[in-house]
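Record features, source Swiss-Prot:
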- CYS53, HIS78, GLU79, GLU163: Zn(2+) 1 binding site (BINDING)
- CYS108, CYS111, CYS114, CYS122: Zn(2+) 2 binding site (BINDING)
- PRO190, ILE191, ASP211, ARG216, ILE282, GLN306, TYR307, ARG308: NAD(+) binding site (BINDING)
Amino acid sequence: MASSASKTNIGVFTNPQHDLWISEASPSLESVQKGEELKEGEVTVAVRSTGICGSDVHFWKHGCIGPMIVECDHVLGHESAGEVIAVHPSVKSIKVGDRVAIEPQVICNACEPCLTGRYNGCERVDFLSTPPVPGLLRRYVNHPAVWCHKIGNMSYENGAMLEPLSVALAGLQRAGVRLGDPVLICGAGPIGLITMLCAKAAGACPLVITDIDEGRLKFAKEICPEVVTHKVERLSAEESAKKIVESFGGIEPAVALECTGVESSIAAAIWAVKFGGKVFVIGVGKNEIQIPFMRASVREVDLQFQYRYCNTWPRAIRLVENGLVDLTRLVTHRFPLEDALKAFETASDPKTGAIKVQIQSLE
């Protein structure tokens, strides 16, 4: 099906030399207008809002995350929402004009993780923005309709925030946070802050959030007055844990949701949780770290990890639509697509105080 697109498709690229630039991107305007490249089951989305993730900055600045390496010109971005402007005739569930959030992964539907409902472990997944799969920081993208979730009248800004919300939801679900659980959140970056809001919505109490940045802790208190903030000091993991427990009023947390991936933070969380407690690592860290093994052993601490998310988007949409999780204040900076380079400079500079930077192409 053809579309009425009128602007050249542009995208935000990086490369192994750590350059960052805006250039024409695929699919071309002519292709979008004629619907030539739409495959069976696909729709064309005019991307309206895309959040900059820490991984986007990392791919730009460092060229890799673990084994995922930028080896050629590469389009960034995977936190997006937009408007459907064309649909393949085979698509019946979505129509032109629908507002959608894009789940940025395409799975094989044939491997063991896919067939058992844990498709985030798909052995042949194409995860958008993870090299070599191009990302969503483009004006137009073609994407399978099944991974385009209708958001109704939700703002595109909130629609783009559903991706990091899905990360937090996956963590809370697997960590098993229960009503009344004392919960520690390590890290007050975007994922930590959203995890905090989700833990509050799940009935966790008391809540303590840690960070090295007083500005981010202040922001956490503003959006969640119930939370107790704890500034991380240069102490041993054991001493840090004692200070954290003091912030809980002497209660040892049942669950620590670790959102930094930093070795010292993970170690402090292991020292802090109660006997039989759980440390659930949402953050991404180094290939190898040291942990206080015997502390975890003699206290029967469960240590779990997370890789992306699965089956979270419908739940995330319901949470936002019904006001249980308010993401609006997390977007602190907005830039038009044409000023994407300024957006990345803002997102990568701690001095700006940015929480979530979004690149928008609103028409």
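Cβ from N, Cα, C; glycine included.
Overlay of Swiss-Prot feature records on the structure.
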{"residue": "GLU79", "record": "Zn(2+) 1 binding site", "contacts (Cβ under 8 Å, 6+ apart)": "THR50, GLY51, ILE52, CYS53, PRO104, LEU136, ALA160, MET161, GLU163, PRO164"}
{"residue": "CYS108", "record": "Zn(2+) 2 binding site", "contacts (Cβ under 8 Å, 6+ apart)": "CYS114, CYS122, GLU123, ARG124, VAL125"}
{"residue": "CYS111", "record": "Zn(2+) 2 binding site", "contacts (Cβ under 8 Å, 6+ apart)": "CYS122, GLU123, ARG124"}
{"residue": "PRO190", "record": "NAD(+) binding site", "contacts (Cβ under 8 Å, 6+ apart)": "GLY54, PRO164, LEU330, ILE355, LYS356"}
{"residue": "ASP211", "record": "NAD(+) binding site", "contacts (Cβ under 8 Å, 6+ apart)": "GLY187, ALA188, GLY189, GLY192, LEU217, ALA220, THR229, LYS231, VAL232"}
{"residue": "ARG216", "record": "NAD(+) binding site", "contacts (Cβ under 8 Å, 6+ apart)": "ALA188, GLY189, LEU193, ILE355"}
{"residue": "ILE282", "record": "NAD(+) binding site", "contacts (Cβ under 8 Å, 6+ apart)": "VAL167, ALA168, GLY171, ILE191, THR195, LEU257, GLU258, CYS259, GLN306"}
{"residue": "TYR307", "record": "NAD(+) binding site", "contacts (Cβ under 8 Å, 6+ apart)": "ASN120, GLY121"}
{"residue": "ARG308", "record": "NAD(+) binding site", "contacts (Cβ under 8 Å, 6+ apart)": "GLN105, ASN120, PHE127, VAL167, ALA170"}
- Message: List every residue in the same chain as HIS78 (Zn(2+) 1 binding site), at least 6 positions away in sequence, whose Cβ is under 8 Å from its Cβ.
- Response: CYS53, SER55, ASP56, PRO104, PHE127, LEU128, SER129, THR130, GLY135, LEU136, GLU163
- Query: For the recorded Zn(2+) 1 site formed by CYS53, HIS78, GLU79, GLU163, which further same-chain residues have Cβ atoms within 8 Å of the site's Cβ center?
  - Reply: THR50, GLY51, SER55, ASP56, GLY77, SER80, PRO104, SER129, LEU136, ALA160, PRO164
- Message: Cβ within 8 Å of the Zn(2+) 2 site centroid (CYS108, CYS111, CYS114, CYS122 excluded): which residues?
- Response: ILE107, ASN109, ALA110, GLU112, PRO113, LEU115, TYR119, GLY121, GLU123, ARG124, VAL125
- Taking CYS114, CYS122, ILE191 as the binding-site residues to compare, which has the smallest set of other Cβ atoms within 10 Å? CYS114
- Message: What's the number of neighbouring CB atoms sitting within 10 A of the CB on GLU163 (Zn(2+) 1 binding site)?
- Response: 25
- Query: What is the maximum Cα to Cα distance, in Å and rounded to a whole number, among the residues PRO190, ILE191, ASP211, ARG216, ILE282, GLN306, TYR307, ARG308 annotated as binding NAD(+)?
  - Reply: 25
- So for CYS53 (Zn(2+) 1 binding site), how many other CB atoms are inside 10 Å of its CB? 23
- Item | DSSP-derived structure type at ASP211 (NAD(+) binding site), helix or strand or else coil | strand
